[in-house]
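Reading through the structure tokens given below for one structure.
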Amino acid sequence: MGNEELATAVDVAGLTVRRGPHTVLDGLDLRIPAGRVVGLLGPSGAGKTTLLRAIVGVQQVHGGRVTVLGRPAGAPELRRRVGYVTQAPSIYTDLTVTENLRYFATVLRAPSDDVDRVLDQVDLGRYARTRAGDLSGGERSRVSLAAALLGAPELLVLDEPTVGLDPVLRRDLWDLFGRLRDDGTSLLVSSHVMDEASRCDRLLLMRDGALVADATEAELLARTGADDVEHAFLALVEEGVR
Amino acid sequence: MTPALTAATARRVLAQLRHDPRTIALIVLLPCVLLGLIAWMFHGTPVLDQFGPILVALFPLIVMFLVTSVATLRERTSGTLERLMASPLGKGDFVGGYALAFGVVAVVQALVVTGFAVWVCGMDVHGSLGAVVLVAVLDAVLGCTLGLAASAVARTEFQAVQMMPLIVFPQLVVCGLLMPRDEMPTVLEWISRAFPLTYGVDAMQHLAAGSSLGDVAGDVAVIVAFLAGAVVVGGLTLRRRTP
């Protein structure tokens, strides 16, 4: 276990991404440990999605280096080892849930019984034959998550997977993330809801394309003397301004 | 490119169409309705025999162009393309899967439209009827592949729909349908040779006048070359990494 704790899932060095005239990320450095649930927290527009896209290898980058599971991000051999859930549910609304998952399972070369496994994991078994377009927004995003779980990837990159879910479902999903972590999966989960910090093993706080903090929740609260992550975030930003 | 993944993508696109019977009806019935109108308008004249085969090739091209460009654009805007580009799916699998799926639809469409023209409208083809169906299928698949390539350039649904007049109408003007190509100004005649539709119309004109498949083999070869070229362009314009 000791050695595994030191393992690195993602290493980002000097990452620069520009979009139009804006520099979204400017020389970002960070490290994401393997086998942990790492929360990427920050307000909308902080550059979270851009960072996640760069890690998955679908973002055009203008400088720096992103290493994922020891390989350059986006390398062909990583495409089955990294699961990615986009912010908006990326599934075919005109197909049933099972048809969606079967297609993605074939693409990922996941075993055929994987469809039932991931449906169980996101608790959507009863909707297997429902057209995805007939599901609620929260259910669709869980189908999108299920598709990323196919083939049991070593690293899961989840962009705001709990948005719009009721508290019970949010708790269930965070429980699922914890179980996946216990099975050895590394997870990077973005959120703009600061109270989800308590479910993460480690936190990355982002603002305006820069890293504000990289710590555990306890370290963060101790360092800032704040009662919760929201206030810790405010304290760190104000400290930076001064 | 992996055959299993190309086939899986084609199956998925066909499954999507199966859930949308109205679109299938439009794809198959719309060309029939248009052809029926023309047959009715020119009833008792040789116009249908002369131009019918050309229209059999033309309507499917336009319909399939539209359907494909919108379908692939939807894939871009919904985020499913991003998911696929982060997966082991090859770009060739994506484009090939779409071409294959819509190729199947094109075969059905060409058979129904040709059958309707011959047996319902009374179109009389002097040349090989099988060759008419073949050219119609190839033209429909060409419409798909051009639509795939065009949707790569379009950023919005509005642009995707405008690609149809942009890419199809100039071809229509100079393909020999409005004026025989040997009577056109030389420059326009040259331009017409650069457009794939010209060869489809040329083949159909010859078939209507009594040619066999062998007589139009040159035209067919050029259409196939354009088709392959459009698949390659469609694949090249797909990007794993986007801004």
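One is the number of the first residue shown, and numbering goes on along the chain from there.
For all residues, glycine too, the Cβ spot is worked out from N, Cα and C.
As annotated by TrEMBL, domain 'ABC transmembrane type-2' applies to B:14-241. Marked as transmembrane segment by TrEMBL: B:24-42, B:54-73, B:94-119, B:131-153, B:160-179, B:220-238.
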Beyond the flanks of the transmembrane segment (B:220-238) by 6 or more, those residues with Cβ under 8 Å of it: 81, 85, 91-92, 94-96, 99, 134-135, 138-139, 141-142, 145-146, 148-149, 152-153, 196, 199-200, 203, 213
Non-local residues, at least 6 beyond the ends, that sit with Cβ under 8 Å of the transmembrane segment (B:24-42): 17-18, 48, 51-52, 55-56, 59-60, 63-64, 67, 105, 108-109, 112-113, 116-117, 120-123
Closest-packing stretch to the transmembrane segment (B:160-179), where packing means Cβ pairs under 8 Å, from B:54-73, B:94-119, B:131-153: B:54-73
